[in-house]
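Annotated in TrEMBL:
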| type | residues | note |
| --- | --- | --- |
| TRANSMEM | 20-43 | transmembrane segment |
| DOMAIN | 419-700 | domain 'ABC transmembrane type-1' |
| TRANSMEM | 425-447 | transmembrane segment |
| TRANSMEM | 459-480 | transmembrane segment |
| TRANSMEM | 486-507 | transmembrane segment |
| TRANSMEM | 519-538 | transmembrane segment |
| TRANSMEM | 566-589 | transmembrane segment |
| TRANSMEM | 610-631 | transmembrane segment |
| TRANSMEM | 681-703 | transmembrane segment |
Amino acid sequence: MARDHLKRLQKQRVKIDRQVTRAITFGGWLVLVTLLILIWHLFSVTRPLLDDPVFVAQYQFPLHSDERLINAQTGYSSDEILLLDNQTCQLSLLRKPRDGEMQRYQVESRHSHSMATPGVSCGYLRMETHAEQTYLLELSANNLFRAWSVDGLHRGQKKLEFSVRLPATIQPESNLSWQPHFSSQEITLLIKSIVDGWHYLQYDRNSRTLKKHIKNINLGNADPQRIDSDSLELLFAGGHLMMLDEQHEQFQYYRGAQQPEILVAVSLSTQRSVLLVNAQMAVEKWSLVNDNGVMSLERLYQFPLPGQRLQKLMHVSGDLVVAFVDGKQFFINATTGEITDYVETLPAFDHVVARAGDIWLQSGETLQHWKVENPESVVSFASFWQELWYDGYPEPDYIWQTSSATDQAQAKFSLVPLVMGSIKAAFLAIVVAMPLAIGSAIYTAYYAGPRLRRLIKPYVEVLEAIPSVVIGFLAAIWLLPVSENYLLAVLLFLLFTPLFLLLFVWLNETNRHRNIYGWELLFFTLLIFAFLFAFHWLQSANPDWFRWLWRTDTGGLLSSELKSTFVLAIALGIAIIPTVFSIAEDAIYQVPSSLAKASFAMGASRTQTLLRIVLKVALPGILSALMLGFARAVGETMIVLMVSGNTPVADWSLLESMRSMTANLAIELPEAQPDSVHYQVLFFIALLLFMFTFVFNTLAEFLRIRLRHRYKL
């Protein structure tokens, strides 16, 4: 009976062992599969950055024989296309819902005289788009200028927005050469008069008053093209670039007379830059720059464009510009000046309109709608790591700024400030944690007796269970406000602590034959803190003695900005101390005692044995502890988020504000639009962070395994 009972117990144990083994194996594989899914998700979201932009056909629609495409845009629920009949001057609105058929409407004219005047040139009509609103502009024969907003959602109904009569001195030509421009505050008109040439008029949009009138502008015989910009007045006329001189109220040629003539010029989405192609097929980018209070145009870059004949240069979306050269299309990154390989997708066209990634082409009597897919891939990986000259900035710089970096605006996605912030934060943490954690590990594993070791180690390791958000909260709410008063005392504490440690080592050496269990260091710890508070009392009682240290208008050494740096270093250092201490203490404690005994037998002291035997043997484990601590600091989020200034600055100075990669993800990822370039770049940052911590942790574990196998008893 007893034997049968033992057999049943043995079978139960084997069965339980198998079940537990399967459960543990399943859990291990589940962790591995989860890790692979995480890596796959990071790569899948980031992968569109590797794809090339492509044109994708959406739909086409037949037009009447005399209709001409003049404007188009994509709304929230439908596409809206405006057509002009060259014979009757009648405007038509085509509205294409997302899931519906094309609808045609005649633009109403109940607010003005009829525009259907057969045989008359339609030059008195213009279309303008501002802030996603389409405006119909009309200049009548009696110098009356009017602007209507066209409501595409209500069958092309018009609403009069602006009306003013031009000065009587202006006598427009019969073919009405004129260029209007809408902005949020002003309306500008460039009109050619029979008597005294071109006039420039600027009206206040709200009060309808004439703010500026420049007469007799010499533009030659060529009709000018006003470059769409709210920040500066630029004209492209006769192959030259002209800018308004506010002081002399005249348009001046900006590019040198010896430079090649301009073939085409387009404004970019920032409204502060213009992209040119000259007669030598070279692309130039000019941007408005503040030069000591004087706004001027600066050429940012120039590069050759492949091909012989330029047909069209068109700004599509954000940084994406398309150049039509010799029947081929080239994608240009307007920020970096990089150009992609050509694609032969779009057919020949007579008229084209591009708006926010959508392109409408008119080829004969056919209207085609194309869409640019993967426009974000124009952001190259090289641009993440190099200085770029952004529009409006005085010089190239590393800039991370996404407050206005939508797909229709210039993106500033330099990762250098974020990487610098992560490295600086981790370095500060290691500077604080390394002496405290390694020193504590040496004391606990080498000097302290077994009873004291069993008391200290659990209390230090339990600090790792404290959430980092609690440490960050205490640092931001309590430590940061009082740090300035204690800052000098802390500096003196860090300065004199090594002296006390040297004193302890000297006393230990003078008593090498006495059995030391490490309790003496508690006395020195109390003495150090007493010294700390003594310096604080001395500083508070005699502030004038230390006033020369603080930076003022007359000089000084230390800045009050040091408090943010010190608080961040202390808080982040406390967070990683348990990790560094635990691994380093195990590495030192696991050094075979036979090595230390052999050293003592040769007459070496405890300190000599520590420095020349124990630390050398435990060095791989200590390095592993520091590497894991550094990786933990790089991956820390809440402390950096709550204590640092969170301003991405590309500066290695520890006194400058910083933003780490993890803090940036916590701040911006919840607000990023899915599938946008901003969203994909954030996932690329997460991928970089994962790879960095994975490599560091792998190397640290490799060092630990090497130590374990090398000195295994």
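Including glycine, each Cβ sits where the backbone N, Cα and C put it.
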Chain residues in Cβ proximity to the transmembrane segment (425-447) (below 8 Å; excluding those fewer than six residues from its ends, i.e. six or more beyond): 453, 456-457, 460, 501, 516-518, 521, 565, 568-570, 572-577, 580-581, 584-589, 606, 610, 614-615, 622, 625-626, 629-630, 633-634, 636, 640, 644, 654, 658, 660
Do any residues of this chain, six or more beyond the ends of the transmembrane segment (566-589), have a C-beta under 8 angstroms from a C-beta of it, and if so which? 425-426, 428-434, 436-438, 440-442, 444-446, 453, 457, 460-464, 468, 471-472, 474-476, 479-480, 483, 487, 490, 614-615, 618, 620-622, 624-626, 628-629, 632-633, 636, 639-640, 643-644, 704, 707
Pairs of Cβ atoms less than 8 Å apart decide it: which stretch in 459-480, 610-631, 681-703 has the most with the transmembrane segment (20-43)? 681-703
Using Cβ atoms and a strict cutoff of less than 8 Å, what residues sit near the transmembrane segment (459-480) while being 6 or more residues removed from its termini? 440, 444, 563-564, 567-568, 570-571, 574-575, 577-579, 581-582, 636-643
Distant-in-sequence neighbours of the transmembrane segment (610-631), which means Cβ under 8 A and at least six residues beyond its ends: 426, 429-430, 433-434, 437-438, 441-442, 446, 576, 579-584, 586-588, 590-592, 595-596, 599, 604, 692-693, 696-697, 699-701, 703-704, 706-707, 710-711
